Amino acid sequence: MKWFLLRRLGGALFVLLALSIVVYAAFYVAPGNVAQIACGPRCSPAQVAQVSGQLHLGDPLYMQYAHFLQGLFVGRDYSTGTGVLHCQAPCLGLSYQSDQQVTELILAKLPATASLAVGAFVLWMLLGVGTGLLSVWRRGRLTERILTGITLAGMATPVFVIGLLLIIILVTALQILPFPDYVPLTENPEQWAWNLLLPWISLALVSAAPYARMTRASMLETLAEDHVRTFRAYGVSERALVGRHALRGALAPVIALGALDIGSMFGGAVLTESLFGIPGVGRELVDAVKHVDLPVVVGLVLVTGFFVVLANAVADILQAMADRRVVLA
Amino acid sequence: MSLVEVSDLSISFGDVRAVEKLSFSLEAGGALGVVGESGSGKSASAYALLGLHRGTGARVDGSIRVAGVDVTAADDAELRALRGAKAAMVFQDPLSSLDPYYAVGDQIAQVYRVHNRASRRLARARAVEVLDRVGIPDAVRRSRSRPHEFSGGMRQRALIAMALACEPQLLIADEPTTALDVTVQAQILDLLHNLRRETGMGLLLVTHDVGVAAESVDEVLVMQSGRAVERGPVGEVLVAPREPYTQTLLAAVPRIPARPAASDEKPAADRGEVSVNGEELVGTEPLVEAVDVRQVFGRGKSTLAAVDGVSLTVRRGETLGIVGESGSGKTTLGRMLVGLLEPTSGRLTRRARVQMVFQDPVSSLNPRRSIGESVADPLRASGERDEAVIRARVRDLLKRVGLDPEQYDRYPHEFSGGQRQRVGIARALAAEPELIVCDEAVSALDVTTQAQVTALLAQLQRELGLALVFIAHDLAVVRQVSDRVAVMRRGRIVEEGEVDQVYGDPRDPYTKQLLAAVPALDPVLAAVRRAARKELAAA
């Protein structure tokens, strides 16, 4: 088990490093003069040259990447022309637009996104797995067909449609919920949850459908396995068969999918954040892309990658704890 | 009242009638063997005894009474009270039949608690007790292991322990030893035998293997296509069968003591009939020579020598049998002989074209290609481009293996297992080999089909002067087809020689153990063998 953990975490680290190379290369090797972009369209050639020097753009690419890694692990200094700006590790560089540190920029936006992601995740897992199990329980009956229909519709509907519908019904017509106005958790937990309820529900409704379908398929498959038959032949009740013998195996792929989704959700649920005005990472990303703010884009991609890899590693370790055969593979 | 009383049982899956008007009974403490080939409805009948067809879409008619419970009329709760407590079932594949996520002891304890008011501790203690009873060494510690940490035989013991947990009156065993090696099979059958004697529980044993039935039961019921063909005391039915089907079935079972009388099935080399261009060639020219070959899998610390220094020679026209249990390296050796694997070390000289016939006739044919195309593959691979030539040659090959050439464009799923294996043989012949390696080529087939396919191989050998390497776990089949035999264990050949010598007067203790484990068809002989095994184990 110890070796499995080490191997798994080592693998995760390797993936992140590989990701950083690819992302770094993809953005910096892209056509266009980086210094010009960083400086802005109205810069004079002299100013562009100065910026180029500040960013070490004249250095060979591997040196630039080495500087980037250095910033990431030990921090680095930037000359601002008038003085020196120290960027602490983990340093993802400076935003071209605002000269703010990218790390700070992202950290400022992350809590809102994390609030949205985690809350919605809990809700959609409950909803998805519950619906899936219910349709297994009622298989072959009308309930199952209705549930299948609803999940299909859920998969096909974009979040802004469901979100808008919910705003119209719950906020405007029934006036049960307030129009979301993000309040940080640290300020007022009650208001935080109350204001996020609508985004959570909207995001959960569109995200739950694949989970319902996967839970259903995986559960039916597991229920047909020999070991479930064994316990059925020993008088174990159907409920115990599902709860004790089938659920564990059936949920493995569902959890793996969940890990991928929650990880990438940390990179921002762009549509949901925009729709409900949540000041999260997603909106920052859209903004950065619009202004070709390369350090911010690179930083955001890396942070998203970090969470995806982390969530995956956690899912794998959970899986290994549940099923020790995984460790052997 | 009988322990089991079944009358007019019919089971159908959709339009398929699996069981048709089956009636039988089993007295308390008795042992009944239900014997039949695949598709005879024997397993479906066994499942019906516990009402396991309920909710599956299968239609069950007739009356079933087990331990006083009317299974067809019982409600779900009554049925659950029957399952495991009054009648328990042991399944074929012991690995997939246990829950991979829980410790074996916990699984048994759970079953015990379903039927008894008992604390977790008490149930756990009971689990250890039954595990110990079925011969799991160090039962306290091993009860905490998960199924994958058990060997095949131990898993089956654990399943039997689960069955014993609630002291049922009836044990239903569905092919309990089919997935096991022959020595392990003998241990499990002996265990069942002893348990029955000690607990007095009834046994209903479902098996395709007549020998297994002869070892374990008092009475047999022979089934064919869902109907009972013959029923009677095991000594009568298996020794002097009355029904033609039973006679055919028994005649097809390969035996160890004597070679079958039919000259068709005698190895060609025995009669010196193999000749090419009038030249007597048997046993002269070596086609494949292996000298101290090894095959090592894995890297670093976790290496495994699947084949660990084997030397052998296969000569033109002869049949070399290779027997061994699972993991003995026989398949790896076969793959090296064909050239699918390069030996890690040692010298392997191939002086002839070699082809292979695989075990599973279902998965070794591409389901999306017609059988004709599959047979044509080696021809195309060798550069033949003329469609007319290919088609003519394939039709000729299909005819040679006893298939209708008109079936060229049919797909594998339209054929039975035996027919598919014929396609596999035709495909091997297409490349005009001088040596064919048959890796468990008949072990997935029913005995009657098995006999037909081995007869076909013998005939082809005679007509074409082929050499065969016949790899199998089944000692009787190997004896039937081979001239020489090599016994493998843990990657080495422990004994090699003429079949009569090896089977008649085995030198190596492992060979002796293997031969003692083979189930005998005659129940009297089976009892003698059981005693011999006891002695061998004690020695």
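Just so you know, glycine gets a Cβ as well, placed from its N, Cα and C.
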(Q) Of the residue ranges A:57-80, A:249-272, which one carries the transmembrane segment annotation in TrEMBL? (A) A:249-272
Q: Choose the correct range: of A:5-28, A:149-172, which one does TrEMBL annotate as transmembrane segment? Give that range.
A: A:149-172
**Q.** Candidates A:149-172, A:192-212, A:292-315; stretch with most C-beta pairs under 8 Å toward the transmembrane segment (A:116-137)
**A.** A:192-212
Q | Distant-in-sequence neighbours of the transmembrane segment (A:192-212), which means Cβ under 8 A and at least six residues beyond its ends | A | 115-116, 119-120, 123-125, 127-129, 131-132, 135, 147, 151-152, 154-155, 157-159, 162-163, 166-167, 170-171, 177-185, 254, 257-258, 261, 269, 272, 275-276, 278
Q.
For the transmembrane segment (A:249-272), give me same-chain residues lying six or more residues beyond its boundaries with a C-beta closer than 8 angstroms to one of its C-beta atoms, as numbers and ranges.
A. 110, 113-114, 116-118, 120-121, 125, 128-129, 132, 158-160, 163, 199, 202-203, 207, 210-211, 214-215, 218-219, 221-223, 225, 278, 280-286, 300-301, 303-304, 307-312, 314-315, 318-319, 322-323
